[in-house]
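For reference, the structure is listed below as structure tokens.
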Amino acid sequence: MNFKNFTKRTSVRTSLVLLITTLNLASMAGQSNQPTKLPSQRAESEFFTDNSGSVPAARKKTLTNSSGDDSATLQNLINTLSQQGSGLITIPAGTWQFGEIEMKSNIHLFIHPDAIIKPTLTAGLPNYSIFRIGYTNTKSTNVSIRAISGAFTIDLTGLAPETRITPFNVKEAENFMVAGCKVKDRQTIHATLNCSASERAGIWRGPKNGLIKNITVQNAHGGYGAIQVRTGENLFFKNINSLSGGATLRIETDDVSASGGRIPQTTAIVNDISGYNIRCKDGNAAVMIQPWGAKNGWFDVEKIEAIGCMAAVRIDKAYVELNAPSIGTFSNKSRITDITKVTYGVNAQVKQGVFPWVPCTLRTNSSILKPNPIPNMETYHQGPSIAPILYRASSATANDPRFYSINIPTENAIRSVTTGFPNNSLIISRENNQVGSCPSSNQANTTVEEEVNVYPNPVSGNTVTISVKLKNTGNLNLRVFDFNGTVVYTNQIGEYNAGAHEFTYSKQALNIKEKGMYIVEISSNSNILKKHKVLVQD
């Protein structure tokens with residue numbers, strides 16, 4: 001890559017935000033404060049030291065397949081071998097049923113490429129995992145889950161859409177690898193692989209020193225996809241593909257919110273994140289970046305490809321209020337090293353919130369931007385590619401402390417690998433390029449999502465106000481979920497005319513009994529207008 005093709009977006013920010021960012025990055029003791037070589041130049045051994053070859057022959061076992069749930073058989077073998085010091089377990093070809101498998105230290109799973117893993121859902125759990133690498137009160141070290149060759153299969157197609165499941169849930173782990181897996185999804189909630197923090201002895205820690213490679217997911221939910229990194233350090237994501245669903249590599253540091261405010265913001269950060277050969281087809285984005293309240297270190301992603309996706313790279317501003325106590329950012333040494341291919345298409349997953357960035361000639365054509373959401377995806381519509389880079393964390397005309405600057409390729413460099421986009425499409429579309437409404441009524445609902453608000457957020461008092469601006473008369477319905485997805489409150493608000501309306505509730509009326517993260521959902525005529533994440537602080 002020729003580094004003269006980089007351009008640095010110098011978004012206007014206050015000196016206070018710059019100072020806070022500088023101080024935070026300086027405090028990351030022992031961490032590299034910038035990439036020193038390209039992801040393609042980094043050795044896998046910088047992230048994972050493979051000690052599976054040192055496992056004694058006596059502790060190399062082959063799992064026996066039986067009818068029904070195989071979880072207990074595998075877990076018992078993992079526990080026994082871990083207590084003995086280490087183990088290598090081969091999982092042969094066949095169909096297996098696993099759920100909530102806890103990977104203990106010094107255990108390696110070698111899975112046959114013709115093995116098919118289906119999830120076992122334990123009754124009563126709000127969120128399911130198939131494999132857990134690091135979890136509450138346990139750190140997992142020197143572990144791997146890998147295909148013997150090619151890729152084994154995880155089959156989620158028997159689940160209901162929007163089931164809350166994570167095939168690989170990685171928390172406090174060190175020196176780990178997940179490699180060689182094809183996931184057949186059914187628009188479930190959560191990414192194929194999640195990196196976040198867990199608590200041990202009162203201290204929260206996330207994963208570090210990990211290699212994740214050769215992962216493909218098909219038919220993922222638009223709001224999720226292949227990978228989500230909430231917390232982590234020195235992680236390498238290599239050869240990751242998302243086909244017809246979501247974001248391929250999502251570096252979205254929302255662990256404080258995802259934990260209901262339990263994880264300290266100083267812990268819930270990322271640094272030294274490398275990505276190579278990240279591909280998206282007919283989904284949302286190959287790479288998605290958003291910091292929430294986290295003052296993050298750097299990331300570096302090279303060789304990005306998007307075919308028919310909403311964008312190749314989506315760079316979102318910090319998802320916090322303007323007066324939030326912590327406004328997130330990424331190190332300005334972060335970089336999108338290069339984009340190798342961007343092809344326009346009309347089967348992308350386009351969220352209602354980015355409709356204003358869809359060119360009006362496309363937005364007003366209901367055969368291109370579909371007026372109704374994709375089934376089971378609420379606010380995502382089938383629609384066109386918007387731009388190679390949707391950079392909502394920058395503006396040529398406005399100042400917002402939630403903006404931040406990273407290094408991206410020049411427009412000329414991106415243009416040279418872009419094909420099929422309409423003439424009026426931008427190469428880099430920024431915050432100031434949005435158009436609120438188009439001169440036609442024959443278009444998808446472009447403004448409803450922006451016209452539903454919940455405040456104050458975070459909630460520190462006793463009341464919550466929901467404002468809704470309707471374009472047409474609608475029967476409004478309100479539901480409140482806790483962060484585990486359980487409905488804690490539902491109310492048929494009633495029929496309201498087009499226009500602005502406000503509804504104020506006490507926390508008690510909404511059945512909000514403790515602090516944490518909640519989801520407030522407003523629908524009109526059975527169509528979901530918005531799901532708001534609301535943090536209740538006391």
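Backbone N, Cα and C atoms are what each Cβ position is placed from, and that goes for glycine too.
Feature annotation from TrEMBL assigns signal peptide to 1-29.
What TrEMBL lists as compositional bias 'Polar residues' is 30-39.
If you look up TrEMBL, you'll see 30-55 marked as region 'Disordered'.
As annotated by TrEMBL, domain 'Secretion system C-terminal sorting' applies to 454-532. Averaged over the domain 'Secretion system C-terminal sorting' (454-532), the predicted model has a pLDDT of 84.
Note on the region 'Disordered' (30-55): residues 1, 86-88, 106, 108, 110, 142, 144, 175-177, 209-211, 213, 233-236, 238, 271-272, 274-276, 297-298, 300-303, 331, 333, 335, 337 of its chain, located 6 or more positions outside it, place their CB under 8 angstroms from a CB of the stretch. Taking H, G and I as helix, E and B as strand and the rest as coil, DSSP gives the region 'Disordered' (30-55) the counts 9 helix, 0 strand, 17 coil.
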